[in-house]
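Q: In case it's useful when we look at the structure, here is the feature table from TrEMBL:
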type	residues	note
TRANSMEM	27-46	transmembrane segment
TRANSMEM	58-78	transmembrane segment
TRANSMEM	85-106	transmembrane segment
TRANSMEM	126-145	transmembrane segment
TRANSMEM	152-172	transmembrane segment
TRANSMEM	178-199	transmembrane segment
Amino acid sequence: MSVESETAAAAPAAPPAAVAPPTANPALLGLICFLPAGITLGLWFVGYLDTTALPGGMIPALTFSAGLFMMIAAISALRVGDSVSAAIFGVFSAFWTSFGVLLMALNNGWIIDAGTGEALSTAQIGSIQSTYLLSFTLVFILLTLATLRLPLMFTIGFVLVDITFVLAYLGVTAGNAGLFPIAGITTFAFCAVFAYILFDAFGQTLGGRAMAMGNPLVRS
């Protein structure tokens, strides 16, 4: 036995490499809390939830399930340096929270005609709703265009969100209630897309393989 081998045998074994803790993924919280609100919205569009008799029936799912917890997901994304996810979760949180507040305000008469001091007319309520929907429609279209470098599945989901908002806006401004069931179908469609993305995120976090997401439309 050589001196080198004896020295090597006497040397202490190197400690095992430390296992890095899993990286936090705020998308898990954001997406899973998004889905109940999205499904509730779709059920409202197709007429399953009667908002005439139950005008506040959507508020808990919108404001607390989606609005609050997507805000937490946005903050968590910022903490891990993921500004894109933070912006996405932040704008969806802004929509769900403000939509819930708008429903509460309109259902409880918190907004009145400043000129007469009386309750709002149907036309005035429609004007408020159309302005609100138009604002978020434009923002979500901007979000879709700004995120074309994400995998294709994300773009498909955002396009379906855009279509839903356009249908809802046209339904309110034109007084065409027939567009709302179609908006319900597109709502369920984007919920299915985001559920697929959520399933992939859970799988990868738990050590599984990545699911197919499609190539981005913009690569450079």
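FYI, residue positions are counted from 1 along the chain as it appears here.
Yeah, the Cβs are placed from backbone N, Cα and C, and that goes for glycine too.
TrEMBL entries are annotated by machine, without manual review.
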Q: Between the stretches 85-106, 126-145, 178-199, which wins on the count of C-beta pairs under 8 angstroms to the transmembrane segment (58-78)?
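A: Per the Cβ under 8 Å count, 85-106.
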Q: Tally Cβ pairs under 8 Å between the transmembrane segment (27-46) and each listed stretch (85-106, 126-145, 152-172, 178-199), then give the stretch with the top tally.
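A: By Cβ pairs under 8 Å, 178-199 leads among 85-106, 126-145, 152-172, 178-199.
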